[in-house]
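Report on one structure; see the data block that follows.
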């Protein structure tokens, strides 16, 4: 692990809390005990020291940091691509978790293919934001949580930490409900019992851990491949009208003019762009042992973007497939039912083509894979957030046990009292919570990557900066509207007035 490269981050602070701006290599050596030769080899790194309030000397996910070898800068392009491949699949999990399934089902049943354009726009927004996230991790040698800790006053750091813990708890809630529904479909286990059973998936994390990051990536890839395979087969069986599907990729003015459609569109946006994935991506990109030099950072940024972009397009396929299947079965099908917004009923969209039993099994397998995949990523994101904001290190399985317990209690109560319908509504409620917390990740990310002092020559260009600011404002405004409407209409988990 390249400890010296991480020691080149942050600025020293005096006992009075004043920031000491380091401007020369000699001062860096004197204040931080970094070898002179290494400092002189990276003059831009020295210049960036003044951009942070605090010095950072702890690598993100230290046990796996720089653990995956990367070819030399003059290596073959496909070797470099392979070295960075896998990270995108980990990030893409957040974009096709059970919460996405619920919002996509609701939108497809209520409005047909109209909201396909929103899924596409949301996906490009996700690719853009994830690109900023990995840039921050590569250039600053910090994950987003560490960057917040090193840039903001203590009170703000704690506020942001609390918001991200809420986001992770909401994500965990979606994983609990999704896995419980899958167990219900596959084995007939009541949802409330399935919620309790999901507590044992902590053992999954305990067994595999993060000691071998490549092994973790392989597990995630296999689960992603299973999900994609399930939906590819389902689309082939259902045979939707592809002309209408293609038309749905073009934005329709109805999305803005119809309040119900707009409400669902914002829900899809909130479920698609996930706050914890922005923290995670800035961390796991550092598992690659690329040279911590300007040229090495350029290489990591190039292949990291390719990897995440391609992987998130797979996530788009899954989300689009769910909406297409829901629209074909519930909106355009012979037994029209536009009010279907409950994930426990979703298997019915395949029943005419496969039969009820086969539909349950196929849909349940895909949903279970999604829930377990999200569990793995939730554990990793939780570790990044806690260690980054608070510099508190606890074992990943213990971290998962704590957050899973927080999610299980409300989920078990709601599922026990409200049954499958209550569980479905709680699943969509988790996405409303995520919508609210998203802005607390996007604003710091945009601010840091737009700062010359923090990013040097990698700072966002004027076009990227404007686009990032507009996206942040748009997300804040739309999610505020979503929350207000959810409270006013008491419509958590429904498809507008459909």
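Note: Cβ is positioned from N, Cα and C throughout, glycine not excepted.
Just so you know, TrEMBL annotations never went through curation; they're auto-generated.
A Cβ distance under 8 Å defines the sequence-distant neighbours of the transmembrane segment (81-98), meaning residues of its chain 6+ beyond its ends; these are 68-71, 123, 126, 130, 171, 174-175, 177-179, 181, 214, 216-218, 220-221, 223-224, 227, 272, 274, 276-277, 280-281, 284-285, 287-288, 300, 303-304, 306-312, 314-316, 318-319, 343, 367, 370-371, 373-374, 376-377, 380-381, 427. Residues or ranges marked as transmembrane segment by TrEMBL: 81-98 (among others).
As annotated by TrEMBL, transmembrane segment applies to 110-129 (among others).
Same-chain residues lying 6+ beyond the ends of the transmembrane segment (150-170) with a Cβ under 8 Å from its Cβ atoms: 9-10, 52-56, 142, 274-276, 279, 378, 381-382, 385-386, 389-390, 403, 406-407, 430-431, 433-434, 437-438, 440-441, 444, 448, 454. Feature annotation from TrEMBL assigns transmembrane segment to 150-170 (among others).
As annotated by TrEMBL, transmembrane segment applies to 182-208 (among others).
Remote same-chain partners of the transmembrane segment (215-233), defined as residues 6 or more beyond its termini with a Cβ less than 8 Å from a stretch Cβ, comprise 86-87, 89-90, 92-93, 96, 208, 314, 317-318, 321-322, 325, 362-363, 365-366, 369-370, 372-373, 376-377, 380. According to TrEMBL, the feature transmembrane segment maps to 215-233 (among others).
Taken from TrEMBL, the feature transmembrane segment covers 262-285 (among others).
Annotated transmembrane segment per TrEMBL: 306-330 (among others), in sequence order.
What TrEMBL lists as transmembrane segment is 401-419 (among others).
The transmembrane segment annotation in TrEMBL covers 426-446 (among others).
For the transmembrane segment (466-484), the list of distant contacts is 125, 128-129, 132, 262-263, 266-267, 269-270, 273, 432, 435-436, 438-439, 442-443, 446, 449-450, 460: same-chain residues at least six beyond its ends, Cβ to Cβ under 8 Å. The transmembrane segment annotation in TrEMBL covers 466-484 (among others).
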